[in-house]
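Chemist: According to Swiss-Prot, the protein carries these features:
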type	residues	note
BINDING	Glu22, Leu23, Glu82, Asp286, Lys356, Arg363, Arg364	N(1)-(5-phospho-beta-D-ribosyl)glycinamide binding site
BINDING	Arg114, Lys155, Ser160, Ser161, Gly162, Lys163, Gly164, Gln165, Glu195, Gly196, Phe197, Ile198, Glu203	ATP binding site
BINDING	Glu267, Glu279	Mg(2+) binding site
DOMAIN	119-308	domain 'ATP-grasp'
Amino acid sequence: MTQIGTPLSPTATRVLFCGSGELGKEVVIELQRLGVEVIAVDRYENAPAMQVAHRSHVINMLDGAALRAVIEAEKPDFIVPEIEAIATATLVELEAEGFTVIPTARAAQLTMNREGIRRLAAEELKLPTSPYHFADTFEAYSKAVEDLGFPCVVKPVMSSSGKGQSLLKSADDVQKAWDYAQEGGRAGKGRVIVEGFIDFDYEITLLTVRHIGGTTFCAPVGHRQEKGDYQESWQPQAMSPVALAESERVARAVTEALGGRGMFGVELFIKGDQVWFSEVSPRPHDTGLVTLISQDLSQFALHARAILGLPIPLIRQFGPSASAVILVEGQSTQTAFANLGAALAEPDTALRLFGKPEVNGQRRMGVALARDESIEAARAKATRASQAVDVKL
């Protein structure tokens, strides 16, 4: 049985977050509601989740010694990676020493690197994926492109949110896509994956939660990406029963192989009744922000319950719902958001402003949420709300 103590006392149940972005912030809020003591760690001060945690630390999370020092000092009951860019080898060591990593240190390690998770899905689990090659050099990359043909997609093996990702349509794109991939990787220059392009009808995120009572799937989330970065999402995505069953089979296989407890965002390509595995994140997913308005238990509440070993008997979905991001471009350390009355004037709308301390270039600073009678109406309403927000830099 789960027991939760008193925060800041010897009985406290402590959860430490590695990464403190907007997704972590929502999980922290859910844990705070359950009386959990929360420590937020990130590489910059005043990150969103730090603003709602009991305390925080600023370190380079790719520095294994620094990460170990914070974790040994805090002695958390649970370590929750919120981003990929972490010294995962240190998490593996800490897990072996008795710490609990959510969902598992191996899941964090495999999914930090596209190669690890792709080989697990395609080669070990024999799940359908796009054809692919890995390459370390421009020569090997050029050969991979030639082999797979156009169009194809190139991504750094270590990157997130579409950074370094390109769609190649002709030989003219080969050099510039390579250069962009080399700039966009999290660990600097290096290895890339080249994937054959799947001419899919749509892509989904199947939010899959592994909890004390088994595995539960949320209704499928449809989404629209630009340059690999999410712009809007909606739930439920209409699917054939065959495609949905196959999506659940693939998601169950991948999440079972990764093990542990928690929320997983399984990204899939769908064409008719066919399903291909794309990627998985062993944590809440940005496209799942829609669940803040579409479900009685959001993906963040589900993650919190799973972490703590609490039951998830049922997830209620409230009908057609959508999210639209509030994207800010420019430079500021004091961004302000105006015209919020107009943004929230329609019924069944909500906003989340993430409280990020600065914008330098283009950054997702918030999200608008909406429910309506149909997916089309919900998407349009969420977009109206998002566009109504007047951003002042």
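Just so you know, glycine gets a Cβ as well, placed from its N, Cα and C.
Situate these features within the shown structure.
Modeler: Neighbour density for Glu22 (N(1)-(5-phospho-beta-D-ribosyl)glycinamide binding site): within 10 A of its CB lie 22 other CB atoms from the protein chains shown.
Proximity of Glu195 (ATP binding site) to non-local residues of its own chain (separation of 6 or more, Cβ distance below 8 Å) is seen for Ser130, Pro131, Tyr132, Leu148, Cys152, Val153, Val154, Lys155, given in sequence order.
All protein chains shown were included, and the count of other CB atoms within 10 Å of the CB of Glu279 (Mg(2+) binding site) stands at 19.
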Chemist: Near Glu82 (N(1)-(5-phospho-beta-D-ribosyl)glycinamide binding site), how many other Cβ atoms are within 10 Å of its Cβ?
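Modeler: Result for Glu82 (N(1)-(5-phospho-beta-D-ribosyl)glycinamide binding site): 25 neighbouring Cβ atoms inside 10 Å.
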Chemist: By CA distance, which of the binding-site residues (Arg114, Gly162, Glu203, Glu267, Glu279) lies nearest to Lys356 (N(1)-(5-phospho-beta-D-ribosyl)glycinamide binding site)?
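Modeler: Given the candidates Arg114, Gly162, Glu203, Glu267, Glu279, the nearest one is Gly162.
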Chemist: Going by Cα-Cα distance, which of the binding-site residues (Glu82, Glu267, Glu279, Asp286) sits nearest to Gly164 (ATP binding site)?
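Modeler: Going through Glu82, Glu267, Glu279, Asp286 one by one, the Cα closest to that of Gly164 (ATP binding site) is Glu279.
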Chemist: Counting only other Cβ atoms and using a 10 Å cut-off, which of the binding-site residues Arg114, Lys356, Arg363, Arg364 scores lowest?
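Modeler: Relative to the other binding-site residues in Arg114, Lys356, Arg363, Arg364, Arg363 has the fewest Cβ atoms within 10 Å.
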